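Chemist: OK, Swiss-Prot features for this one:
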type	residues	note
TRANSMEM	21-41	transmembrane segment
TRANSMEM	60-80	transmembrane segment
TRANSMEM	95-115	transmembrane segment
TRANSMEM	124-144	transmembrane segment
TRANSMEM	176-196	transmembrane segment
TRANSMEM	203-223	transmembrane segment
TRANSMEM	236-256	transmembrane segment
Amino acid sequence: MSQGFIEFPNIDPVLIELGPISVRWYGLMYLVGFMFALWLANRRADQPDSGWTREQVSDLLFAGFLGVVLGGRIGYVLFYNFGLFIDDPLYLFKVWTGGMSFHGGLLGVITAMLWYAKKNGRTFFGVADMIAPLVPFGLGMGRMGNFMNSELWGRVTDVPWAIVFPNGGPLPRHPSQLYEMALEGIVLFFILNWFIKKPRPLGSVSGLFLAGYGTFRFLVEYVREPDAQLGLFGGFISMGQILSLPMVIIGVLMMVWAYKRGHYKDELPQQTK
């Protein structure tokens with residue numbers, strides 16, 4: 001290889017093996033993301049007049065977690081491997097083969113939030129604005145897990161920080177997982193948690209999340225290797241970009257609608273404490 005490129009560090013994707021049970025770095029990253037979200041949600045619930053209790057945010061995050069797992073798997077199969085699913089419907093349940101989709105997970109979380117809001121007498125946007133700032137850190141941890149698994153790497157490049165991934169061929173590639181970790185995880189986290197400290201109407205936080213994530217993901221897709229089974233649609237746009245563009249549009253429209261509507265207080269159930 002040409003000098004100046006970085007060889008992928010020798011990282012064993014398995015952290016610990018306990019008999020037949022393997023604890024993987026990828027799973028640990030998601031666990032860290034979930035625990036951080038729970039800690040942050042509890043801090044927000046403890047604030048005066050938050051309208052939330054620790055028990056309520058725990059129930060919400062548990063519902064959201066189920067939505068992420070179920071929606072992420074179903075979305076991956078339908079968006080990225082639909083042909084394989086048609087040939088083998090049981091592929092949907094073969095989770096050990098890997099495969100999760102953020103956009104599918106998002107739809108799963110939206111479904112979970114709709115259910116939670118209806119069950120607990122809350123507004124959907126009140127629930128969505130609560131959970132949106134908790135998500136980016138977990139996304140960042142997930143991208144770190146992708147990097148440690150040497151998967152979802154970027155396109156071939158000659159930038160000085162390019163990395164030769166063990167299962168990405170002999171040529172150096174963009175570490176697109178780290179780009180996504182930085183943008184979707186760190187930058188979006190600070191943007192949202194700065195924004196919620198200001199007076200803002202209901203729906204604006206979740207709208208900003210959709211617009212922010214969609215923008216960052218759309219941009220990174222230009223240096224991320226397209227899925228081998230799909231390639232580029234029309235030779236210029238990836239499935240990730242097709243799914244992210246509506247997020248940007250919907251997110252911007254939500255923010256415009258939220259500010260025009262001007263509702264700054266959520267309608268809370270009678271007893272929240």
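Counting begins at 1 with the first residue displayed.
Even glycines carry a Cβ here, placed using N, Cα and C.
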Chemist: Are there residues at least 6 beyond the ends of the transmembrane segment (21-41) whose Cβ is under 8 Å from a Cβ of it, and what are they?
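Modeler: Same-chain contacts beyond the ends: 11, 13-15, 52, 57-58, 60-61, 65, 130-131, 133-135, 137-142, 144-146, 148-149.
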Chemist: Give me the stretch from 95-115, 203-223, 236-256 with the greatest number of Cβ pairs under 8 Å to the transmembrane segment (60-80).
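Modeler: Ranked by Cβ pairs under 8 Å, first place goes to 95-115.
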Chemist: Cβ pairs under 8 Å only, please: of the recorded stretches 124-144, 203-223, 236-256, which one is richest in them relative to the transmembrane segment (176-196)?
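Modeler: When the Cβ pairs under 8 Å are tallied, 124-144 comes out ahead.
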